């Protein structure tokens, strides 16, 4: 099967090569001088210094020694008539002999008729040729693309500033022969087959055409079964319709298979090549090629009877055609090697011609181009004082706005303005400040197509017709009679116009015009060029230089391209990309990068190749563990039961991950480790082993290969996990399921060989026997680690560098990396071409320089940093170049941007190796570290290359110096070889950045006591990481911080005591906050903060800081109290710290004892005392920490408890597997089963639960009613905004313990 596309590709390549060889200009003998044999009459020019045509051939010295114009300006040109169309391959120039007159740069133009010129382009831009540096040397240029033309025009652009324009020229090439047919738009040419049916598996059709019409059929063929092929012009573009053996779509209703080309109605020659092998098609128009696969079921194209060219005749109706015919010329028309036009010229019997001639008739139409949006205009005279007005012309443009026509009407009729505004034609007649008439017509007229406009006025009625729509013209009437004006200004107004002859309320027109008629008389625009008619400024006459800047579409990743006359724009909406050309991904390349930015677990889009061709993929990033897991869900992660499968009718299930295989492969290849859990539950269903070695169940991986090993086993071993550790149910087999038991068992494990992942399909064949059943589950694809984000290299000599293959980035280039250094300067990377280059360097301690040259001269961007960049900290650089702009960004400094010129060279052509950390000259090398280097989304493996390079070391230590601040709340940044992690041991918080609060709900009797007494025997067996659980029992200062939520007052929140001293934090009866200090036998110090009622069910944050005599209390991030003790004070021999109710209440202060009576009902969060986190120790290290918990302590988020009953606990699934997971020994099913035992059991459990709830509620309501009278007075003291559940909590403090137990059930 693989040989078919390979042969197809070879055949297509061969055909394409032969076509290009036959049509190219690189004929070995096509370099003859063509101008040296011409007579002087073959030369013409815009003007001549002597008034006569001087010999302008190369190396001629007679006469004036060459050509010089009367005036040296940008409007001059030298032209030659070569007599016939020839193949032109090269040109050469000299200056005028014996003078200081020579041209230093020029452009070329070509024409078949001496009219409607075409500029020579290279790289899609008007090409500028380098001229001479003196009068005698010859400057020779071989054309990259040959040209076929009869007329050649040299247009000087720059010349010797100390002299004038002077030229002697030569043109090289050879004769050119072709077969041409002219179609008048009402005829066609038929090629009849020798048999009824022509069936082909391969087709090659080639031709050239030129036309002034935007629509028309070039050729068509069809078969009775629905096959058809049609090539037609549609609005200046070529549409190819192609269907194979598909009777449903017809030409009249089906959209084209592909559309290519633009502005093809310019009366210039265009090349077409169609190559087909089976369903694979290459469609080329000029230099643009599109590959596609055609519709239909068969590989052969079946055409009945004939092919028609120029139109689609209706059978039995001579002169009638199905669609609009082609109007223009076709040249060298070949169908599968048959020269159709040659057959027609020789009147062969296969060819039937209509009114077709065999020479190309050229309409003598002169277009003009308005180049400048501020200074271009054309002035043509009219016939003044004629009763009425008549003006018509055609225009084409990409701009939405521009002046088309302005004229001052005679007899005081006012001023007529015709403009294009928002793509709509607007006609206004204005007299003084009064608008006497206004007409709006058309829409989207800035589509680049030719549109005709006709204005006719008689007396007080004016008519505006668009695109020859005489049936429904737009009309208006005026209050005055209209008389033709004296001067008509097209496109704009002169700068020096001082009167009201020309008005332009908007910018000048940029575009092309032709066929201008005034008072029903055509205007000779060549006379305008010669200066004998009218006037003009900034026009190209006899040339329409419109360009489609959206062909090809340089908007990447599916961005929509729109354009004006001078530039193009990209709409990146809904692409997942941004930037001037939709080059930059909106998303990061991995979950590791999201984690580095401080994100927590959740669904994210990742773009593994950045700005590369692969799109973003949605994944789940689990950023709650030390390893950052990336999970990709597929369409069937539930346990699925299978019955009735056998080798003849196997069960198969394909898995869809919501992305392409290329996206998944890129993610897997970038990860350090990937895995998928696979589970096979079985009852009399064998898994792998069979007598002949063929497995009963297998899975398909990324390369569409069959894999017979199961989870927990390595590739190539037909075993399960139990087979490796010899723990299978039957030692004769290597999987539990292969024991073939009549009871449920399973084989479960992880597949972790990255080259085989992900699992794309599972096949099961052994569930068709009696009592045979299987249930399988394949978990999501899970990966961790980013192999490239921390991929770093250290350069420690200036002469060292890494080299990589050439950076290919013709149209778009983006480079990003991190660096750190202490050096003053150095080159990060460099890549060279013949003329082009790209370089990034640190040019000074505070400057980054990005330099690039695409052939138009170097462009240099420099970003100045207000702080030093050689501070041995990591800094980020992103440099980008595209067809719209060049940019450089350093860290979070403002991005520096410079627009790219729309003309000139635009391809970045590099050919040397890419040097990283230095240059090819081994000078200005970089000293320091470079990390995570990406070029156009490709990740360079710096570490691997550094292993085999001298002067360079893989890796770079010292991440915490830059990223340590990302660890919050006392967390400590710890270095790793690849990155860092946050050690939250000394923090009351946890999580990857020590930002996740550790909090718990307290009931009235809950008590958490942390003991400071030493020694602790358990300390001998704990790890060093837990050392912070224990602390100094005699601190000289207190740093206390915690958050709380409660509705109960009074309450005791925290109590720290020694044998003589204590510190207590409590809420008074009125809800005020009180801090009580008893230190060093001083009197008890009481600090009250009564700014509000803190028992208001809102989260409050408290900080108490004492150092020596100074005490500061901060509540809700505001300093509420400062105090200086009279002498140095300190806690001595601290015994314990208690959260909630103090159980040993002997010796308690009376106020503390009152608050302690009710305990604490609410939530405490992130409790810290110096280096101790008692609440975290109770919840995370209860077995090793000196902490005692009495009563019920439920972990919960205090933030979630605001306005929620603190006694209501909601269970959530672990975020480690967001998709859920079942791991029961007996499989659960997601199918509907009719098992009556199961249904009965469920009903019984439900009934039991209902009766239990009724009994509990009845008893609770009875006891609550008995205590209601007693608590009625208490309830009046509570704040009105307290929730009833909190009031109930407080009320129940005086009830019996049995009642409390029932309430919390």
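Just so you know, glycine gets a Cβ as well, placed from its N, Cα and C.
Marked as domain 'F5/8 type C' by Swiss-Prot on the basis of sequence analysis: 30-174.
Among the features that Swiss-Prot reports, domain 'Laminin G-like 1' is placed at 180-360.
Annotation comment: Swiss-Prot describes 367-544 as domain 'Laminin G-like 2'.
Residues annotated as domain 'EGF-like 1' in Swiss-Prot: 546-583. Listed by sequence, the residues of this chain that lie at least six past the ends of the domain 'EGF-like 1' (546-583) yet keep a Cβ under 8 A from its Cβ atoms are 124, 261-263, 266, 288, 369, 373, 396-400, 448, 510-512, 605, 607, 611, 613, 615-616, 811-812, 814, 880, 882-885, 902.
Swiss-Prot lists 584-790 with the feature domain 'Fibrinogen C-terminal'.
Annotation source Swiss-Prot lists domain 'Laminin G-like 3' at 791-956.
According to DSSP, the domain 'EGF-like 2' (957-995) comprises 7 helix, 12 strand, 20 coil. Taken from Swiss-Prot, the feature domain 'EGF-like 2' applies to 957-995, supported by sequence analysis.
Residues annotated as domain 'Laminin G-like 4' in Swiss-Prot: 1000-1198.
Positions annotated as N-linked glycosylation site by Swiss-Prot: 282 (among others). In the three-state DSSP scheme, residue 282 (N-linked glycosylation site) falls into the strand class. A 10 Å cutoff on Cβ-Cβ distances gives residue 282 (N-linked glycosylation site) a total of 18 other Cβ atoms nearby, all chains included.
Counting every protein chain shown, the number of other Cβ atoms lying within 10 Å of the Cβ of residue 355 (N-linked glycosylation site) is 13. According to DSSP, residue 355 (N-linked glycosylation site) sits in a coil region rather than a helix or strand. According to Swiss-Prot, the feature N-linked glycosylation site maps to 355 (among others).
Listed in sequence order, the same-chain residues six or more apart from residue 496 (N-linked glycosylation site) with CB atoms under 8 A from its CB number zero; the list is none. Marked as N-linked glycosylation site by Swiss-Prot on the basis of sequence analysis: 496 (among others).
Per Swiss-Prot, N-linked glycosylation site is recorded for 622 (among others).
The signal peptide annotation in Swiss-Prot covers 1-24.
Swiss-Prot lists 25-1236 with the feature topological domain 'Extracellular', giving sequence analysis as the kind of evidence. In the predicted model, residues of the topological domain 'Extracellular' (25-1236) average a pLDDT of 87.
According to Swiss-Prot, the feature topological domain 'Cytoplasmic' maps to 1258-1305, an assignment based on sequence analysis.
Three or more CB pairs closer than 8 A are found between the domain 'F5/8 type C' (30-174) and the domain 'Laminin G-like 3' (791-956), so contact between the two stretches is assigned (pairs 6 or more residues apart). Cα-Cα distance from residue 622 (N-linked glycosylation site) to residue 282 (N-linked glycosylation site): 46 Å (rounded to the nearest whole number). Residues in the domain 'EGF-like 1' (546-583) partition by DSSP class (helix H, G, I; strand E, B; coil) as 0 helix, 10 strand, 28 coil. For residue 282 (N-linked glycosylation site) paired with residue 355 (N-linked glycosylation site), the C-alpha to C-alpha distance reads 32 Å. Counting residues of the domain 'F5/8 type C' (30-174) by DSSP class, helix then strand then coil, yields 3 helix, 70 strand, 72 coil.
Its Cβ taken as reference, residue 622 (N-linked glycosylation site) is surrounded by 23 other Cβ atoms within 10 Å in the chains shown.
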